[in-house]
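Colleague: The feature ATP binding site is assigned by TrEMBL to B:7, B:8, B:9, B:10, B:174, B:175, B:185, B:210, B:211. As annotated by TrEMBL, substrate binding site applies to B:47, B:74. Per TrEMBL, the feature domain 'ACT' maps to B:267-343, B:349-421.
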C-alpha cells in the first residue's frame, strides 16, 4: 500500500461541481489501494474576496487578524470536499493546519514551517479514512495564533505533509498538464517534460515559471520528496520532479527549459566611486528594504574618471522603496545619479546538463544576436544563464532560444483556461 | 472597572459598514473604562449560504464536516471586527470557540457546553485588549473536533463567557429595542419592558418569543448572569433580564407579556383504552423520535366505552416522524385513530405575579370568549397559561389579551427591519 499526498488548487475546487469531480478522483486513488492525504486551497476567488472585505474595513489590516480571516477559505473548501467524499461512501475527515500539526514561526502572512506533527492525520489513515488538510495555513506554538504560509502555501503544505508522513509520492494537481520547456502561451511549440530534477525546477521557478512555487520545490528537494505535477482536468501523466541521489548518473538532456519574467525592473546606480566597499554599502541599503534582488552587474570602471555603474534587477513592487532608500544615502555613497527602468524582460535558460556542456552561452547569445535582440545584462549560475532584454522583445527571445536548443515539439501545446494558486 | 460581554448578531455585522459601526460601539464601551469581550455571529446570510453550498455537494452532509464548514462564518466576521477595532487605535484580538475555551460535548450541530476555560481571553483583557470571540462554536476534548451549538448559539456563547469570566453584565445586541409585552408586529401597542425576570423570560422564549434563545436564558439563569437586551441600531436602554435572589421581594407587575406561536401542530390519539400505562406507552414512542412535545391534554374518559383521547402539540417539523412512529405501534397501544392538525396557534400569558394573583385564568378565558375566539386546549404552569386556538384567530387573540391585561402602551411600537439570529 502506497501513501499518496494530493494537492488541489483553488481553480480545481471552484464550485460544488468541481469539488465533486475532485472528490471522485481522490476516491479512485483510495480505491486503487492507496492511503490518501489531500491538501486543498480555498475555492476559486475566495481568498481575493476575503482580502477585498478586509480592505473595505481597513486599509492596513493586522497580520494576525488577516491570517484568521483568510484561513476561513480553506476551512470551507476542505469541509465541502470531505462531505463530497463521504457521500461517495468513503470515510474522510477534514483537518485545519493546526489540527494537522503544521507548526510555523510567528510571521503572519509569510510564516515558515518549523515542524510538522501529523499525529491526527496518521491516526485517520490508520482508521482507513482519507485525510483532507487545509493548505496554506499553520499555527505558532508560542503565541497559539493561526498563521498563513503566503503565496504557494498550499503546495508547501502538501510537500511538508508528504515529507512528515514519509509518503511515496506527492501529486500536485494544477490547471496545466505539467512542466513545459517554456510557457505554452508564449511558445506554442513548448513540450511537456516527463521528468525534471528538483534543481532544474528550482531554477525555473526562480526564473519566473509559475507552475510550482519555489518554496515547495526547495522543501521537496531538502526532504527528498518526489513530486508529480499533473492536470486535474484529465488523466494524462504529468511531469515528475525527481531528486537524483549524490553520484547517481542520470541521462540528462542539456537543457530542461526556458523561462521568461516581466515582473522585474532594473535600477542603475550611475557614477559610483570605484573604491572597495562601495558595492557593499549600496547593497546594505537595499537589503534593509527587504527587497529581493536578483541579477547584479558592475560595469568595468572608466579609467579616466575612476567611476563605475552598478545595475541590479528587483521586483517592480519594490522599485519605489529601494529608489527612495538609495536616494536618502546619496551623500554617503557619493553616486552621481539613479536610473529606474521597468521595461525589461528576463530570460533564463535552465539545464543540469549545462555543467558538462561547453558552448551553451555562446549558442544562446548567437541565437539572440541573429534575431536582432539586444542583451542588456548577463548573469550565470551553475545550471542557469539569465539575460535581460527589452520587455517587448522577451517573447520573441523565448521562441528563438526554444528553437535554437531544439526544444520545439511536433505539435502545439494545449493551453487550459484559468490559473492555479 | 467593569467587565462587559457584548453579543452582536448576524444582522448587526452584515457588511463592512455595519462592522465598522459595531466596532465604534465596542470601542466606546472600552473607552468608558470597561473591559470588553465580544461574541459575534457570522455576517448576514453567510451561514445560510454555506448551508446551500453543502446541499449542492451532498443532501446529507456529515455533522462533523458541516460544523467545520459553518464555523468558517464566525471566523470571517470576528477577524474583520478585530481589524476594524484595531484601525481605531484600540488593541483587539479574535479567538475561535476552541481558542476561547468553549468546551462542548460531541453532538455535532447541537453541542452543549460542558466547560468554559477562557484563559486566553482573560490574558487578552489583562493586556488591555478587547477579545472578540466566535459565537456559536466550540470543540470537543475527546475527539478534538470542532462543534456548533445550534440555533441561538451565539447568545449562549456570550452568556457562557459572561459566567466563566464573572462579568458584570452581558449585553445582547439585536435588531429590536428589547423585550416587548407582545410581538410589536402583531400587537402595535406592545410596550417595551424595562425589566423582566429570567424565569418569565424563559416562559416567553418557550412560548415562541424569538428575541432571546431559550438556551441562553436558561444558562444565564443557572449561572446568575444579568442580561441587557438592546438594539444595535440606537442607544436606547433595552430590557434587563434579572435574577432576583431567593426570598428577594421584587415589585412585579402581574403579567410580563404575551407570546404567540404558529410553528406547532397537534396530534390527537383517538380511542385509547383508558387503562394505566397507556399514556406512558404513547409518550415513550414519541420520546424515541427526539421530538420536543409541549402541551398535553387527556380528555375525560367516556364512561360508556372506557376509551379516551390524548392530544399533544409539537413542532410541525416533527409531525410526520411522530405520526409514523405512533402508527407503527397502533397494534400494541390499541388506539382507534390518529389525527394531525397543523392549523393551530398557541398563545401564552406569562408573569411571575400570577403566583400570588388569583383570577388570571378567568380573565384570560373571558377576554377570549368575548372576542368569539374558541379555546381548544389549555395548559398551565406556575407562571404561564397557554391556550391553543385556530391559527387564523391567534393574532386577534394576542391583541385582545394584551388589552385585557392593561398591557397596551400609549404609542405605537417602532418595528425595525431585519431579524437577528
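The backbone N, Cα and C atoms fix where each Cβ goes, glycine too.
Neighbours and distances for these, please.
Modeller: Just so you know, the Cβ of residue B:174 (ATP binding site) picks up 27 other Cβ atoms within 10 Å once every protein chain is counted.
Shown in sequence order, B:40, B:41, B:42, B:96, B:97, B:134, B:135, B:136, B:137, B:154 are the residues of the chain, 6+ apart in sequence, with a C-beta less than 8 angstroms from the C-beta of residue B:74 (substrate binding site).
Averaged over the domain 'ACT' (B:267-343), the predicted model reaches a pLDDT of 86.
The helix, strand and coil residue counts that DSSP assigns across the domain 'ACT' (B:349-421) are 30 helix, 14 strand, 29 coil.
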Colleague: Taking B:7, B:8, B:9, B:10, B:174, B:175, B:185, B:210, B:211 as the record's ATP-binding set, what's the max Cα pairwise distance in Å, rounded to a whole number?
Modeller: 24
Colleague: Per 10 Å Cβ neighbour count, which of the binding-site residues B:7, B:185 ranks highest?
Modeller: B:7
Colleague: By DSSP assignment, list the helix, strand and coil residue numbers for the domain 'ACT' (B:267-343), in that order.
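Modeller: Within the domain 'ACT' (B:267-343) the tally stands at 28 helix, 25 strand, 24 coil.
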Colleague: Roughly how many Å separate the Cα of residue B:9 (ATP binding site) from that of residue B:47 (substrate binding site), to the nearest whole number?
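Modeller: Spelling it out, the Cα of residue B:9 (ATP binding site) and the Cα of residue B:47 (substrate binding site) are 12 Å apart.
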Colleague: Whole-number Å distance between the CA of residue B:174 (ATP binding site) and the CA of residue B:47 (substrate binding site)?
Modeller: 17
